[in-house]
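> Handing you this structure, nothing more for now.
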Amino acid sequence: MDFLWGILGIVSVLAIAYFFSLDRKQIYLRTILGALAIQIIFAFLTLKSTAGRAVLEWISSIFTRVVDYANEGISFMFGPLVGDGAVFAFEILTIIIFFSSLISILYYLGVMQWFINIIGGFLSKLLKTTKIESLAASANIFVSHTEAPLVVKPFIKKMHQSELFAMMVGGFGSVSGSVLVGYSLMGIPLEYLLAATFMSAPAGLLIAKIIIPLPKEAREQLIEEGKGTKIESAEEDKPANVIDAAATGASTGLKMAIEVAGTLLAFVAIIALINGILGSVGGMFGFDLTLEGIFGVILAPIAFLIGVPWEEAFIAGQFIGQKIAINEFVAFANLGEVIDTLSDKATIILSFALAGFANLGSIAIQIGSISTLAPNRRAEVSKLGFRAMLGGCLVSLLNAAIAGMFI
């Protein structure tokens, strides 16, 4: 029954993407079916297969051990403020700084480029997507939607609109490696976050190629032109040495942590204000009215479609709404507070459904970051912004529906 319900969820998500497609005649089935096959096989291996689960848990344990090393630096700085019952800013946000620095070192050493080139090449060959958009999709597994475009920076000014859109959707539909552990410290199972991160690469290409497909002639030409393309660090952007790379990464992570902290502080307070106003209005009519309640009512059917049991669909809809209207950090933080009261099925599906940067605020962030790299594409990126954010939401929902098939 779970498998059949998962198929219904997949069909529903694909139908929404198809509804928003700008050129349905150009949709290339090999890309769609190939990407879907990768997701289903990966989900089966990591959620149903004993060996696959063991590998994922092993990778999760590596992340956990690395966090223990990170805590050495955090404890040195903040002492008793970290540990059991730690203040959010002193433990979860500081982890982001450490992982950003670590990823920067791996980039300097060429490790990240090696992984991205392999995964991007695999996706390009199997799905018949262009090398550029495949590399961008692969980069989103490891870095955020503001950093991934740097991987294909030399090509952004002239890339096809479909490639540009695929890069944007991939960014909205993924979460970066540097924040994964932050989510896990809120109580979200790390193994499911890791699975969602890897599944988001083919899922982003799938959704993007339904909404804005690449015409056949352009696809064949760009695939041919892209053969042999690999990402390499630009000399002018490359750190002087490992120490410089670590410092640069730490600086980037600090900015990210401050941005997350500021956003959370502001939005949690704004939500409380809105709930106060809504509560007063609802009180006049004798019922309790909250922003979360409104999200729950509107999005409960979506949560139910992707596999959340109906009795938990209302609260799941609240978290999905928070993720879209505010951001995934707020949604994950609130999910972490009640995760022990939810069923395993709801927990796993929500871990996938909330794993993505697709929210209203991220539209402006992505417009700004891509426009900085390619000012000539600013108007185009702005025009595609909302549609790409919607595509990113569908990526996470598609991953969640597929995960629900194997629980």
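Including glycine, each Cβ sits where the backbone N, Cα and C put it.
Annotated transmembrane segment per TrEMBL: 6-22, 27-47, 86-109, 164-186, 192-212, 264-287, 293-310, 348-368, 388-406, in sequence order. The domain 'Concentrative nucleoside transporter N-terminal' annotation in TrEMBL covers 8-81. Residues annotated as domain 'Nucleoside transporter/FeoB GTPase Gate' in TrEMBL: 90-185. As annotated by TrEMBL, domain 'Concentrative nucleoside transporter C-terminal' applies to 192-404.
For the listed features, I'd like the structural context: burial, neighbours, distances.
If one looks beyond the transmembrane segment (6-22) by at least 6 residues along the same chain, the residues whose Cβ comes under 8 Å of a Cβ in the stretch are 32, 36, 207, 210-213, 305-307, 387, 390-391, 394, 397-398, 400-402, 404-406.
Note on the transmembrane segment (164-186): residues 63, 66-67, 91-93, 95-96, 99-100, 103, 129, 133, 136-137, 140-149, 152, 156, 193-194, 196-197, 200-201, 203-205, 207-209, 211-212, 253, 256, 260, 328-329, 332-333, 335-336, 355-358, 362, 366, 370, 377, 380-381, 384-385, 387-389, 391-396 of its chain, located 6 or more positions outside it, place their CB under 8 angstroms from a CB of the stretch.
Residues 14, 17-18, 20-23, 27-28, 31-32, 34-36, 38-39, 42-43, 46-47, 56, 59-60, 63, 119, 123, 127, 129, 133-134, 137-138, 140-141, 161-162, 165-166, 168-170, 173-175, 177, 180, 183-184, 348, 351-352, 355-356, 384, 387, 391-392, 394-396, 398-399, 402-403 of the same chain sit 6 or more residues outside the transmembrane segment (192-212) yet have a Cβ under 8 Å from a Cβ within it.
Cβ atoms under 8 Å from those of the transmembrane segment (293-310) belong to residues 2, 5-6, 8-9, 12-13, 278, 316-318, 320-322, 325, 343, 345-346, 349-350, 353, 397, 400-401, 403-405, 407 of the same chain, restricted to positions at least 6 beyond its ends.
Residues 47, 144-146, 168, 171-175, 183, 188-189, 192-193, 195-197, 199-200, 263, 303, 306-308, 316, 319-320, 323-328, 331-332, 335, 342, 378, 381-382, 385-386, 388-393, 395-397, 399-401, 403-404, 407 of the same chain, all 6+ positions outside the transmembrane segment (348-368), place their C-beta atoms under 8 angstroms from a C-beta of that stretch.
Here the transmembrane segment (388-406) has Cβ contacts under 8 Å with residues 2-3, 5-7, 9-10, 12-14, 16-17, 20, 39-40, 43-44, 47-48, 165, 168-174, 192, 195-196, 199-200, 203-204, 206-208, 211, 302, 305-308, 324, 345, 348-360, 362-363, 366 of the same chain, all six or more residues outside its ends.
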